[in-house]
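Enquirer: Copied straight from Swiss-Prot:
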BINDING   HIS126, THR127, LYS259, ASN268, ARG277  substrate binding site
BINDING   HIS156, HIS195, HIS251  divalent metal cation binding site
Amino acid sequence: MAKKKIAISCGDIQGVGLELILKSHKEVSALCEPLYLVHSELLERANQLLDNAYETKTLNAIAIDAPLPLLNSSTIGKVSTQSGAYSFESFKKACELADSKEVDGICTLPINKLAWQQAQIPFVGHTDFLKQRYKDHQIIMMLGCSKLFVGLFSDHVPLSAVSQLIQVKALVKFLLAFQKSTQAKIVQVCGFNPHAGEEGLFGEEDEKILKAIQESNQTLGFECFLGPLPADSAFAPNKRKITPFYVSMSHDVGLAPLKALYFDESINVSLNAPILRASTDHGTAFDIAYQNKANHKSYLNAIKYLA
């Protein structure tokens with residue numbers, strides 16, 4: 001069977017993205033046919049910063065339509081407008097290749113959201129861009145590994161805005177889309193307020209969540225969704241024995257326990273997108289950039305998911 005062709009966007013070159021590409025190429029190329037969306041000159045510069053520890057000539061790198069950012073000992077680990085613009089163009093090119101079926105999927109290495117903002121990129125991050133590009137699809141950010149998956153009802157929005165987003169109709173649409181994509185038989189849904197609202201004592205959001213769960217289960221014809229569960233105990237060991245699938249109303253409530261348990265191996269997946277996309281479950285790691293310290297387990301797991 002032919003290996004799948006996977007486009008790999010470089011992420012922010014001032015972080016660990018290029019190190020991950022270089023140090024993982026042998027293992028990645030055993031899993032798929034990687035297509036790196038980055039100028040070969042940047043890979044060579046990255047290798048020099050890494051004491052020429054890796055082979056660069058065998059990598060299939062495609063120059064993207066963007067000016068080369070500076071990459072040297074003075075720029076690494078710092079927010080750069082040029083690097084933000086470059087990482088966006090690399091990502092956009094990956095999507096274009098997937099849309100045209102020139103690749104089977106895309107793997108996105110971590111970007112810096114502030115660098116995107118400084119480069120006047122009108123999207124908060126990868127998922128926000130995908131939601132705008134594929135508006136007819138209910139795209140869901142799910143992070144995890146085989147032991148635990150968390151779907152986020154809201155992702156990169158201020159916590160103060162989440163309450164207004166929790167509406168029965170929107171949540172039913174989300175829950176049904178999540179179940180359809182994952183084919184999960186049981187999904188535990190975290191509550192929003194302390195003690196999942198204590199029957200309305202702490203806000204009305206959890207009553208809406210309960211109603212959405214009931215309507216979703218009725219539509220499915222079986223009791224798929226459980227909850228809302230008090231979020232402070234939802235990820236206890238006895239709860240995780242029930243199912244690996246969870247839904248969280250907000251970003252940190254779901255991802256704090258996931259990353260505490262499985263940070264190195266988890267990945268980020270875009271459910272319901274018309275293209276196959278996975279990413280690492282970590283950021284640019286500016287603090288260890290070009291120190292040969294980057295853990296590539298999450299990156300390899302993302303490639304395995306796509307391949």
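Any Cβ shown, glycine's included, is placed from N, Cα and C.
Source: prediction; values computed, not measured.
Mind running through what each feature is packed against?
Expert: Long-range Cβ neighbours of ASN268 (substrate binding site) (same chain, at least 6 residues apart, Cβ-Cβ under 8 Å): MET141, MET142, LEU143, ALA278, SER279, THR280, ASP281, ALA302.
DSSP assigns HIS156 (divalent metal cation binding site) to coil in the three-state reduction, placing it in neither a helix nor a strand.
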Enquirer: Sequence gap of 6 or more, C-beta under 8 Å: which same-chain residues meet both conditions with respect to HIS156 (divalent metal cation binding site)?
Expert: LYS113, VAL124, GLY125, THR127, ASP128, HIS251
Enquirer: State, in Å as a whole number, the widest CA to CA span among the substrate-binding residues HIS126, THR127, LYS259, ASN268, ARG277 given in the record.
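Expert: Among the residues the record ties to substrate, max Cα distance equals 20 Å.
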Enquirer: Ten-angstrom check, please: count other Cβ atoms within 10 Å of the Cβ of ARG277 (substrate binding site), all chains counted.
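Expert: Its Cβ shell of radius 10 Å holds 27 other Cβ atoms.
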